[in-house]
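Working notes, beginning with the structure itself.
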Amino acid sequence: MRKWTIPFVLFLLCLIFLVPDQGRKIQANAEADSDAPVDPPKVEEKFGAVPNGLSTDSDVAKREAESMSRKTLRASAEKFEFQAEVSRLMDILINSLYSNKDIFLRELISNASDALDKIRFLALTDKEVLGEGDNTKLEIQIKLDKEKKILSIRDRGVGMTKEDLRKNLGTIAKSGTSAFVEKMQTSGDLNLIGQFGVGFYSVYLVADYVEVISKHNDDKQYVWESKADGAFAISEDTWNEPLGRGTEIRLHLRDEAGEYLDELKLKELVKKYSEFINFPINLWASKEVEKEVPADEDESIDEEETSESSSSEEEGEEDAEKAEDEKKPKTKTVKETTYEWELLNDMKAIWLRSPKEVTDEEYNKFYHSLAKDFSEDKPMAWSHFNAEGDVEFKAVLFIPPKAPHDLYESYYNTKQSNLKLYVRRVFISDEFNELLPKYLNFLMGLVDSDTLPLNVSREMLQQHSSLKTIKKKLIRKALDMIRKLAEEDPDETNDKEKRDVEESSEENEKKGQYAKFWNEFGKSIKLGIIEDATNRNRLAKLLRFETTKSDGKLTSLDQYISRMKSSQKDIFYITGASKEQLEKSPFLERLNKKDYEVIFFTDPVDEYLMQYLMDYEDKKFQNVSKEGLKLKDSKTKELKESFKGLTKWWKTTLASDNVEDVKISNRLADTPCVVVTSKYGWSAYMEKIMHSQTLSDASKQAYMRGKRVLEINPRHPIIKALRERVVTDPEDESVKLTAKLIYQTALMESGFDLSDPKDFASHIYSSVKSSLNISPDATVEEEEDEAEEPEIETKAEEESASEDSELKDEL
């Protein structure tokens with residue numbers, strides 16, 4: 001035994017000394033291996049083919065995970081300083097331009113789209129730049145990692161070299177695409193902006209660490225990284241999966257930006273901002289599917305125990321079924337989460353296509369998508385056009401089938417636009433009110449401009465020189481669209497023969513469309529005449545109204561003029577609360593007898609409208625309830641002389657009522673007299689409108705109130721009899737009272753409010769007394785005093801008080 005003890009002890013001592021040396025060698029080898037170059041990994045067949053990472057070997061996946069989670073600049077990377085101060089950069093870009101955090105995704109997708117636009121343009125002359133396989137697929141891919149809080153956006157665009165990364169992402173003003181555009185302008189017209197500049201820095205609204213991995217055909221794959229702390233780093237990428245070509249941006253999201261790891265949130269943002277990007281946008285989305293898997297043995301045993309406990313009567317049937325089941329493998333249905341690419345922007349940008357290529361059904365679908373209108377109502381009309389010249393843009397405008405319920409509730413106090421602004425297919429804003437005037441804010445649609453800059457604030461866009469030109473063209477196209485809607489409506493034509501011809505199905509669809517438009521949006525056209533002096537005549541052609549000869553149908557000014565008498569120089573109209581009321585107006589009596597047509601204006605805004613619409617096609621407008629109406633009457637001079645005494649006396653009698661004058665009327669037929677106002681003062685209806693204003697000032701209204709003129713009908717028997725009484729005794733108080741009563745009655749019939757209704761009522765009662773042969777001194781019979789009534793009331797009060805006290809006691 002002793003013979004083997006000494007060698008065994010020596011063996012153990014050798015092991016003790018050898019193990020530390022071997023450990024140090026292993027550690028040294030590991031450190032040497034970490035510095036050695038790593039073989040490039042295999043290229044994935046499809047980015048995001050597995051849910052938890054790229055299809056790489058285990059070593060590459062491990063290194064990639066470590067780089068993603070570090071949020072620190074790599075020690076081996078080349079460091080650079082930002083040209084602009086970080087404090088100024090963040091203040092200008094984040095606080096001023098980008099108060100809405102959601103737009104970071106819009107900016108990144110816009111940049112990706114422009115990079116794809118650039119490689120597509122280069123491929124027109126050199127197809128080899130696209131490469132092979134997946135590199136030829138021009139698309140944008142979005143992927144998220146909820147565990148690591150990383151959002152990735154990848155494109156297969158032109159990519160960036162190391163120098164591009166330094167210049168384009170290191171300064172605000174420098175832009176790779178702007179330089180590219182300047183270069184291409186010498187040989188061709190390419191309006192692409194695709195810049196990693198101002199827009200790119202919006203990523204720091206949601207991320208505190210950003211990696212930009214990019215591969216250009218002319219350079220190696222590099223990584224740009226920064227924490228927006230005044231410095232950034234660029235290093236050759238030897239740890240991430242090779243991109244082939246293009247750019248991938250990884251956003252390491254802040255804790256408060258966790259909402260952007262929600263698939264639904266990303267879908268919503270893409271739908272809102274980038275729905276019409278000209279390249280497919282795919283999201284690596286999860287999906288639950290049902291799958292048949294083999295059942296566990298425990299479950300099968302439970303099923304056997306259940307079958308044994310069944311009743312003896314059913315044993316025969318169950319045994320037969322069991323025998324059949326034993327032949328088939330037992331399975332169960334489970335839910336499994338799978339991942340696949342989901343296309344987010346399936347709506348085609350129809351405004352980029354020729355209007356001739358787009359069908360009516362496509363326009364209808366596009367309108368419902370744009371307006372978020374899920375009803376079956378079709379838009380009344382649309383206009384799709386491309387504007388060329390110094391300012392280039394594409395636009396699609398729609399007239400909605402119905403007006404919003406609150407369209408005119410706060411017309412002047414709210415800024416609301418239904419026009420979406422795109423710049424190179426990138427959504428900018430749907431609250432841009434400078435594209436259309438307020439009176440056209442009912443129109444739906446979009447404008448895609450190739451001239452406006454993308455990465456600037458709304459305030460800067462409002463001052464852009466191209467905006468006025470775009471607005472001018474949009475207004476003209478919008479008014480042409482409305483005019484065309486009227487022209488295509490069979491009910492609008494004057495040609496009776498065309499109406500008699502059998503109408504086609506298309507004409508039937510368009511029949512009554514303009515009347516429908518006018519009922520929904522007619523007030524907007526009137527407001528346009530008030531606000532837009534430049535297009536006032538165009539808007540006037542779109543006016544519709546009823547007249548004394550329209551038989552309840554709408555009429556245009558052109559149709560009215562075509563029916564005017566040869567001797568008629570003015571366009572006659574009257575304003576009031578309703579058509580029924582105006583039809584009975586005494587102002588129309590003579591005009592109707594002479595077969596003149598008069599327009600009915602029954603909307604309160606019509607009073608304001610006619611203050612701005614003074615003439616049309618060299619025809620003046622004449623309110624038949626105001627002074628200035630000229631109708632030929634051969635006996636006018638003779639009648640004026642005959643009634644000169646009466647008119648002078650009546651004017652003196654009504655001096656206290658502020659009557660400007662009393663004249664012989666040429667507009668009455670059956671009514672004794674009417675009250676008209678001066679030509680440039682308020683009409684009776686306008687006075688009522690102004691009195692009803694909540695914040696109206698009576699003292700100021702006195703200046704605008706029209707001077708009142710009493711016009712009498714010299715052929716009426718009441719006026720003739722009054723003249724005879726005045727000739728007999730001009731100082732007779734009863735005659736003066738009658739004259740005043742006639743004036744007050746005419747005032748009411750002409751649409752005015754009485755200043756003293758009590759006085760008018762007293763005169764009416766006095767007249768009734770006279771007609772009933774009641775003495776003017778007759779008084780109202782006094783009520784007899786009844787002594788019992790106060791006692792009864794007192795007793796009733798006592799009973800009520802007693803009941804109240806009893807009720808209180810019970811409570």
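A Cβ is built for glycine as well, from the same backbone N, Cα and C atoms used for every other residue.
Bear in mind that TrEMBL entries carry predicted annotations, made automatically and left uncurated.
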Range among 30-61, 158-189, 606-637 that TrEMBL annotates as region 'Disordered': 30-61
Residue with minimal Cβ packing [other Cβ atoms within 10 Å] among the binding-site residues Glu107, Asp155: Glu107
Listed in sequence order, residues with CB under 8 A of Thr247 (ATP binding site) and six or more positions away: Ala112, Ala115, Arg154, Asp155, Gly157, Gly159, Met160, Val212, Ile213, Ser214, Lys215
Around the Cβ of Asn168 (ATP binding site), the count of other Cβ atoms that are within 10 Å: 24
